[in-house]
Structure formats: C-alpha cells, structure tokens
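Okay, structure first, notes after.
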Amino acid sequence: MADYLGKKVVIIGLGLTGLSCVDFFMARGVIPRVMDTRTAPPGKDKLPDGVECHSGSLNADWLMDADLIVVSPGIALATAVLQAAANAGIEIVGDIELFCREATAPIVAITGSNGKSTVTSLVGEMAKAANWQVGVGGNIGLPALELLKKSCQLYVLELSSFQLETTYSLNATAAAVLNVTEDHMDRYPQGVSQYRAAKLRIYHQAKRCIVNAQDPLTLPEMGMDSRCVSFGVDCGDYQLDSENAFLKVHNQSLLATNEIKLTGRHNYANGLVALALADAVGIPREASLATLTVYPGLDHRFQLARLNKGVRWINDSKATNVGSTMAALDGLNLEGTLYLLLGGDGKSADFSPLKPFLCGNKVQLYCFGRDGKQLAQLRPEIATLTETMEQAIRDIAPRLVAGDMVLLSPACASLDQFRNFEQRGHEFTRLAEELG
C-alpha cells in the first residue's frame, strides 16, 4: 500500500469518481486540491471543508507544484499542461491505479470497444451465484475506490482505454480484451494502433489473458503464450459448435444456447468470455452456467423495448461506435423490414465498415443528428435524413407491419442531442410505447 502523507496531490475532475478520490486521500491524512474544466462541476457542493477547488479551466500553477496528479479519464494526457507536468517528472495516475495499489483480492479486468459492461456485470453475477463477496465497478456502476470500503473476495472491473492509460499496477488475475474496433478517434490522432496500445495495457502482469480468437487486434504485443486462453463464436478454446447450438470449452459441450437468456451471436460471445474469466479465477462452473440461463442483460444493450402486432422495437442505444452496431446487425434474421436508426456524434469514425450489413431490399436507414448526413451516404437510395430521432420514429411508425423490426443502434455517441446514451434509450422506449 502506498504512503501519500506529506505529498501535494491535485485531482483533476469532480463527479462521483473525483469525490471518491478526495475521500481516499482525506482518509489517509492528505488534503488534496481539486480542479475541473467545467464552471459548475457536479459534486462541488459535496467537497469537504478545507479542500480548495479551481473550476472553469486547468490551473497550471497548481499542477506544476504537485507531487502527484490524479487525472479524470475525460482529460487527455496529451493536454499541454499535463505534458509539461510529465516532462517535469510529476507522477500522473488515475483512480484505477490508486485502487490497484490498495486492493488485496484478485482482480478480473475487462476492456474492449464493445460488450465490456455486459461481460463485467455477467462475471459479477456469476461470482454472486457462487456466494462470493464481489465488488463490481470501474467504468460501470461504482467508482473503483468505493469498492475498497467493503470486504471482497473478488473485484471485477470494467476499464476504458482512457483509464488504462494511467494504470500501471493492475496485475489482474484474469484480463480480457473483448474486441478492438475504431472508437474515440478524436482522442487518438495516431489511429487504431494508438487506441489498441492503450487497451493492451490490461494484459501487463496478468496471470491469465483472455484473447478474442477472431480479432487479431486483441492479441498481446508479444503474441500468444502459456498465459493465454482464446474465445470466439467460430473458433477458440471457448466457442460455439458449428450449429451455434452449444457453448463449448475445449470441445466439450456445456450449455445449449437456447437455454441462455441473452440473445444474439454477439451475446453468446459475451457469455463465452465471461465463462473463461470465471473459470480463470475459480468460480465454480455450475454457478457460471446457471447465471447464463437467467441473466437478462443490461438496459440499452440490444434490449427489447416493445413487441406489439408482430413488430419488435430494439433499444441498442449503448451502441455508441461502429463496431457495436456491426455486432447488433451480425446474424440478424428478419421476416420483414429492418428500420435502422443511425446518428449522433460519430467521434470522427469511419462508418464504411457498416456497408456490408446494409445490403438487400429489407433494410431502411433513418439517419439523424450531427453526423446523420454522413451516415445517409452509406446507402443514399434507402436513407431518410431527419434532424432528430423522434422525427425519424414518427415517420417510421405508420409503415410498420408484422415481422418488421425498429432498431436503435446508432453507431454514434449521443451528446449532440441527449445528456447520455441512457436518455436516448429512454426516449426511444417512450416513443415505441406511444407509437408502436
């Protein structure tokens, strides 16, 4: 455990995670300074007396005077003043690094462009089914430092590429990179290779590495070694059989896919990697398999919002990048027409990989938001451009017949028109109930 007494600590970024960092240092006899680029940062009113707070910008004087900077994942390390601090030898970490220095129980760590929240919560539920005391958090649910406040036999962390950039002591018992597809290119000017390098940091000092056999970008930099176990829908140590009817481990059939509560090939892949992670930390196999038969998935992840008159309305608002939308469309079989809602802030992504999924005459595109016009160019002859998602849905509703599906899987972030992807999903569900 690290000793911070006497150190000048600056925390960048408030909110729940920033406050958890403040609590962490106060409990160790250190009064940190806090700054946030927002003029009215959330949680400012909850700061303890004596904690100085600078808001509206980064305070370069404070940063250059610090011994330790704890940076929010939302602030790029490439920011000039942070580069200057790093060049001056000032230590820069994130809350996950603080957590890892203190944690004594094994850690399961999960990253990837898509599916990480589902896999993280699924492994957590598998541990609970075995009556383990488990802490689940990180990029989902509770800030990691909050998990230190209760006794745990296991920690399960969802980690973003941004969080991994400032983490050095993870030493996970089991670590997985689910997939790597283009995302956050606004933060990674060198492209996918820079983004991938951040993701692969999760494998550093891991005892077991879970690798996607169908995505070479998830391979550790040094290649496969004895620490590695693979998963994949079509190949791997953990895979589906040729008929997609069973989950198999080392060619032994374990569970029929029709017994799994989650649906879709991408969710079967999530089940496989969760099982591999659970096996790696010794969760009894029967508890893991039982969990797969009852786990319903998370809100806004390919979630059935409404089924009426033979029409399915699917809320996949969490599909905030191209890879996630590709996963939703992969293997989708419909009797009728797919009405696909795309749009929002594309984060400088290349949308062209979606094209192969938009073939045929049984799909209609409805594109909205900041990058709607660019998305409509994927297949202009079947695309309708609207300003908002609501306008698109009101146009779609009268056209629907039994067998059709309305799928919100936008391939974009929501912040151009919504508070977050959850609000976008709730709005879709409200409109589905009103018009469907």
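Cβ atoms here come from the backbone N, Cα and C positions, even for glycine.
Some features that Swiss-Prot has for this protein:
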type	residues	note
BINDING	Gly112, Ser113, Asn114, Gly115, Lys116, Ser117, Thr118	ATP binding site
Fewest other CB within 10 angstroms, which one of the binding-site residues Ser113, Asn114, Ser117, Thr118?
Ser117
Can you tell which of Gly112, Gly115 has the most other C-beta atoms within 10 Å, given these are the binding-site residues?
Gly112
Taking the recorded ATP site as Gly112, Ser113, Asn114, Gly115, Lys116, Ser117, Thr118, identify the other residues of that chain whose CB atom sits within 8 Å of the mean position of the site's CB atoms, giving them in sequence order.
Ile110, Val119, Leu178, Asn179, Asn270, Ser324
